[in-house]
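As structure tokens, the structure follows; a few thoughts come after it.
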Amino acid sequence: NKDGYLMEGDGCKMGCLTRKASYCVDQCKEVGGKDGYCYAWLSCYCYNMPDSVEIWDSKNNKCGK
């Protein structure tokens with residue numbers, strides 16, 4: 001299992017600034033993660049996701065490209 005930032009379809013981190021408090025927890029559980037939170041009120045970070053879930057990686061950042 002792995003931890004990391006959820007990604008939108010455009011390759012950017014999944015934002016959570018204007019979402020309800022449980023948004024990231026719900027999104028993380030939807031992909032099979034155990035828990036999650038809105039990091040610095042900006043992006044969803046998840047714990048214990050299946051290895052098959054694609055997460056944001058600074059080395060392979062496609063956001064805005």
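Glycine too: its Cβ is placed from the backbone N, Cα and C atoms.
Under 8 Å, Cβ to Cβ, and six or more positions away along its own chain, Cys63 (disulfide bond) finds Asp10, Gly11, Cys12, Lys13, Trp56. Under the three-state DSSP scheme, Cys63 (disulfide bond) falls in the coil class. The disulfide bond feature in Swiss-Prot is assigned to Cys12-Cys63 (among others); the stated evidence is sequence analysis.
For Cys38 (disulfide bond), the same-chain residues 6+ apart in sequence whose C-beta sits under 8 angstroms from its C-beta are Cys16, Leu17, Arg19, Ala21, Tyr23, Cys24, Cys44, Tyr45. Secondary structure at Cys38 (disulfide bond), as computed by DSSP, is strand. Residues or ranges marked as disulfide bond in Swiss-Prot (evidence: sequence analysis): Cys16-Cys38 (among others).
Per Swiss-Prot, the feature disulfide bond maps to Cys24-Cys44 (among others); the stated evidence is sequence analysis. For the recorded site, Cys44 (disulfide bond), the DSSP three-state label reads strand.
What Swiss-Prot lists as disulfide bond is Cys28-Cys46 (among others), and the listing cites sequence analysis. Using a 10 Å radius centred on the Cβ of Cys46 (disulfide bond) and all shown protein chains, the other Cβ atoms total 26.
What Swiss-Prot records for 2-64 is domain 'LCN-type CS-alpha/beta'.
The Cβ neighbour count for Lys65 (lysine amide), using a 10 Å radius over every protein chain in view, is 7. Positions annotated as lysine amide by Swiss-Prot: Lys65.
Between the CA atoms of Cys28 (disulfide bond) and Lys65 (lysine amide) there is a gap of 25 Å, rounded to the nearest whole number. Residue density at Cys16 (disulfide bond): 22 other Cβ atoms are found within 10 A of its Cβ, drawing on all protein chains shown.
Sorted by the number of other CB atoms within 10 A, the disulfide-bonded residues Cys12, Cys24, Cys28, Cys44 start with Cys12, the lowest. In the three-state DSSP reading, Cys28 (disulfide bond) counts as helix.
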